[in-house]
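One structure below.
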Amino acid sequence: MMYSSKMILLTVTLMLALTGVALGDEQHRDSAARAAARAAAGSNRAVTEDAAYWNQLGQQLVLDELGKQRINSQAKNIIFFLGDGMSISTVTAARIYKGQKAGKLGEEEQLYFDRFPYTALSRTYCTDAQVADSACSATAYLCGVKTDTDTIGIDANVEFNNCTTQLDPAFHVDSVMSWAQAANKGTGIVTTTRVTHATPAGTYAHVANRDWEDDYAQSFDGVDSTICDDIAEQLVLSNPGKNFKVILGGGRAYFTPRTMTDIETGAAGRRRDGQDLIGQWVADHPTGKYVTSRDELVNLDVAGTDSVLGLFSPAHMEYFLESSAANNPTLEEMTRTAIQMLQKEANGYVLLVEGGRIDQAHHDGRAKLALEEAFQFDLAIAAALNMTDPADTLIIVTADHSHTMTINGYPDRGNDILGLVGYLATDLKPYTTLSYANGPGSVNGYLGGVRVDLTDVDTTADSFRQPALVPLSSESHGGDDVAIFALGPQAHLFQGVYEQNYIAHVMGYAACIGPGVKFCDMEGGNADEYHNRIPLHTARSKNQNRAENKEDAVFWKGTAQALLQKELDKKPIEAQAKNIIFFLGDGMSIATVTAARIYKGQKAGNTGEEEQLTFDKFPYTALSRTYCTDAQVADSACSATAYLCGVKTDIDTIGLDSNVIYKNCSTQNEKANQVSSIMAWAQAANKGTGIVTTTRVTHATPSGTYAHVANRDWEDDYAQSLDDGVDSTTCDDIAEQLVRNSPGKNFKVIMGGGRAYFTPQEQQDPETGAAGRRLDGVNLVEEWKTKHPKGKYVTSKNELDKVDIATIDELLGLFSPAHMEYFLESSAANNPTLEEMTRIAIQMLQKETNGYVLLVEGGRIDQAHHDGRAKLALEETIQLDLAVAAALELTNTEDTLIIVTADHSHTMTINGYPERGNNLLGLSGDMGNDGKPYTTLSYANGPGFNTTFDENGTRIDLTNVNTTADGYLQPSAVPINSETHGGDDVAIFAIGPQAQLFQGVYEQHYIAHVMAYAACVGDGLKFCDAKTSSSSRTIVVPYALFAKIVMVTIAVIDCHVKDCKIIETETDCKGSGDG
């Protein structure tokens, strides 16, 4: 069997499933199964990843950030890399895939653009659509104007399929290529798709239907091709396309007539008008060169050629894993040639490079091909980095839209990203780590109404289609934000959350081209087979669901220019952070952020997509890599240890490094294995500390501030009693550690749920009358009250409202026996909101003369996702956002650093092609291949499976189902009692002193080191130790620490010459060979 190495694990999992045993945290991975996994798989780690390793790496990352210098000059050149459909989950998976191809575990690997100094998030919706296509998005990031789906280079005044409005120049919007040519710069495009496809067409075309790539396609829509130029014509005959110095990609057949046969395949051309547009291009470029094969391209006389047209396939170029090397140059090879050609331009150049088949592999449901295409895309970026100088070349890497692929389950560290998770679903069958919300892979999900058993299937094969929930011929795009990575002049203008059209305006500013503000001024019928999104039997009509503003070119240019000016005025707050408020949205994936934003707007009666969350407006953003030392997909325990203690560790353990043995009390008690948190560091600096959560205060996230425990489930001695051999008299449970040990016993504020974990079984709960849980007979609440004579204990909102903050020193609020209620199901009398608790906590801590550190967790976002109840998860996110808004209101960003992030992702996707303003909780508007509708939101796995399929395994018709109800379970593809976490990167949002240190892609543990640096706490680098001047900053580092940093840097950085340029972007790291 393929997975015989995991037989022990699968056997134990099977036994647990058959017997119905459920141990440990009811919404997370089963502890017994986890123990079996460790016994079967051993320790999957790259090196000895203990506290010393992570602390040294964290300190080095801080030093790297402190050494980062803006390149505040004009960009002579711009290279814009577009990974079509390169969602953040694709980036994460490609990173792992790259590492595993090299024989590593994978999770610790870096893509070249992971190392870029600046990151941001891009909001991709279009003027008429909740989920973008590549046409409207290309118009946004290339022309600076959002528009309707399926249209290119025109604003939203143009009607889909309407040739007359397409011809109106008032509705045309020019691209960055037109701006560049007006400034006498060279221009070019490189793609692995047809050069007439949506993304490259965005550089030169103005068209009312993206499918009008030639006149044959126009004929299906009754368009007079003699009046309305098709895309291929516009490339060869019109500005700016005819002036491109480089055109490389596929699509020969779209340029040749039916009477001409293809030189490679012998098939006829597609054009009905008899035009030979290739011949026309050759005639118009007498010093140019037309090439059709890899050999011709690599042997091109660049010096003797003024322009090059390379069409290497009649249609799209082949997938890399299926390509013929003789005919198909790689994306890297095309990129190298393009740059060599354009480097002859005295005034510089603008180049678009598209990894276009990432998207199409996703549409095909073939994740391996998508990841390989992303890997090839990364190699092209590496080539660009080696051939250019970041002092004069701005390189941007981004995506046009997302896809529905998720990284799901709880695979071990180093588990094959293309393989099975290693755990069985409730139907006792395994499932893949990667899966889709919809697509052709449904045949590998269900066959004859039964979920397919993949045990003996080679899921790593090139041809394998990852399982999908909804049967579609072509998997759909996703609606979540995508990332922007930037390096070079003015790259620092990408540090926040932006509308996608902002990108073009930054390029115009940086290169001093186009009509907007410039840096120089400051100184002085053939429907696309992958994108057929029209509902069955439904005609396309103009969508009127728009925001109240007229969202035409004037609107989008005006808002982007205003935002650009705001970015130019942005100044980092170079000061010590007296206070830190750390907001943790548990399980708040980037898809959750996007969905919550829309949900917030729709609650207010708007279309929703244009809404902003409070933390969307924060000036700095980054991405956090969440894997743990032994797990590909994190839980809230190991992740809490990372971002609160600065050390990554094993899953299910808290406040300990990876030397600890899971469930082993002796190793838990070893001081050498314990790691202290930001709260301990703050208390050592005489700062006040506190925690606020909507979960139990002994749950994984809050306990990361104070506990050292070898099993996250040991919240009380009753939980310990379920594990044989644990002596609760020698191994303190989490509740005990909070009340009796430092730093927990010194907290000024503790608010959340979990009363029963502090009271003995002999005592009844004051609200429910149920017995407490403790076996040792101890009442820890009373113990806390005794130790804090000037403190106040409250159990309800009414009691909290009556607290006299001025007269008390500490506050303990336990508002529920277990977790606090979901907001939509809560009793206002008993449950204060997260915002209310946050306000009280800040008011309590503001009495601290030396400042404070406060953790605020929106913990039930995660649990609602586990329950498969997306509406509840989004409402919990809104409540977190209200708490963030309250913190901003009550504090001063000049002395208070506020960070908002998540511990891990979830498997919820925004899928299909819903129109702008479509109810996010409703149906997408499209039909599956089975003739039934599907929801916009769905999960890769979870309890919603039972609302997705009937007893015969047939997908349930949701036409008359109220999918917006609070209790509705979103559909899921794999039956699991509790939906799992996701493995993709999560976002970091920051404002306040030293917030500018969050601008890249980081290991999650880096967060704690930044907090310590900013607040001058802990034993690592501190802002207070830095000597600054207007021109430089000197960091005072103890020699021993410096030596360790140097050693770990040498150990962990594989500094090839091409990598050095990325890692040391401000140095002249030169050499030869691969040493």
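Keep in mind that glycine also has a Cβ here, set from the backbone N, Cα and C atoms.
The feature active site, phosphoserine intermediate is assigned by TrEMBL to S636. The Cβ of S636 (active site, phosphoserine intermediate) has 31 other Cβ atoms within 10 Å, all protein chains considered.
The Zn(2+) binding site annotation in TrEMBL covers D586, D862, H866, D903, H904, H981. Counting every protein chain shown, 30 other Cβ atoms lie within 10 Å of the Cβ of D903 (Zn(2+) binding site).
Taken from TrEMBL, the feature Mg(2+) binding site applies to D586, H699, T701, E857. For H699 (Mg(2+) binding site), other Cβ atoms within 10 Å of its Cβ number 29.
Taken from TrEMBL, the feature signal peptide applies to 1-24.
Taking Cα separation as the measure, H904 (Zn(2+) binding site) is nearest to S636 of the recorded positions S636, T701, E857.
Each of the binding-site residues D586, E857, D862 was scored by other CB atoms within 10 A of its CB, and the lowest score goes to D586. Here the binding-site residues are H866, H981, and the one whose Cβ sees the fewest other Cβ atoms within 10 Å is H866. Of the candidate recorded positions, S636, H699, E857, the one lying closest to H866 (Zn(2+) binding site) when CA atoms are compared is S636. One way to see the shell of the Zn(2+) site is to take the Cβ centroid of D586, D862, H866, D903, H904, H981; the remaining same-chain residues with a Cβ within 8 Å of it are G587, D635, S636, I861, H865, A902, S905, H906.
Taking the Cα of D903 (Zn(2+) binding site) as the reference point, the closest of the recorded positions S636, H699, T701, E857 is S636. Taking the C-alpha atom of E857 (Mg(2+) binding site) as reference, the shortest distance to any of the recorded positions D586, S636, H981 belongs to D586.
Take the CB of H904 (Zn(2+) binding site) and look out to 10 A: across all protein chains shown you find 28 other CB atoms.
When the alpha carbons of S636 (active site, phosphoserine intermediate) and H699 (Mg(2+) binding site) are compared, the span between them is 9 angstrom.
The C-beta environment of T701 (Mg(2+) binding site), restricted to residues of the same chain at least 6 apart in sequence and closer than 8 Å, consists of L584, D586, S636, A640, T693, T695, L855, E857, G859, D903.
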